[in-house]
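Let me begin by presenting the structure, written as structure tokens, before commenting on it.
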Amino acid sequence: MSLDSLKSRIPDYAKDLKLNLGSVIGNSGLPAQQLWGTVLSTAIASRSAIVLRELEPEAKANLSPEAYTAAKAAAAVMAMNNVFYRTRHLLSDHEYGNLRAGLRMNVIGNPGVDKVDFEFWSFAVSAINGCGMCLDSTKQVLRKAGVERRSSRRRSDCRGTQAVAATLDAEAFS
């Protein structure tokens, strides 16, 4: 199970996805923790058993136990936050924006890894889940930490996992 195995499953009509996945993951130039934490958290966020099954072992092999757990925690907490804050944002009754969230999010304050790495993973998951408020929030944390826009986008750029997940899941029903 690996990136190469996942790429081999992508059908010919989605060759662009195969090439993009290879360049985004295979040639990122990122430190292993940033890259593989993003790969793991976005594979989880893609909700595709195929993608997760193929990428998780390689991510686990390239991450410390703490980073592996933190990447999974980023996917978990952002799945909750993305739904809550996206709903709050989409409601036409803006009074909902004044209500307390009442959600436990302790892992955000103490993720067990470098805070910037955790925020990158959260940013990538929020992009997949389509939560603009969460994207803005994580972007602000990254900018305050001195991360430039280009660097932030590049480090959290695993959008290919979502496209591959959708394609392979559709192929499973063909």
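Including glycine, each Cβ sits where the backbone N, Cα and C put it.
For CYS131 (disulfide bond), the Cβ neighbour count at a 10 Å cut-off comes to 25, with all displayed protein chains included. Taken from Swiss-Prot, the feature disulfide bond applies to CYS131-CYS134.
For CYS131, the entry in Swiss-Prot reads active site, proton donor, with the evidence type sequence analysis.
Shown in sequence order, MET78, ASN81, ASN82, TYR85, ARG86, SER122, SER126 are the residues of the chain, 6+ apart in sequence, with a C-beta less than 8 angstroms from the C-beta of CYS134 (disulfide bond). Under the heading active site, cysteine sulfenic acid (-SOH) intermediate, Swiss-Prot lists CYS134.
Under the DSSP three-state reduction, CYS134 (disulfide bond) is assigned to helix.
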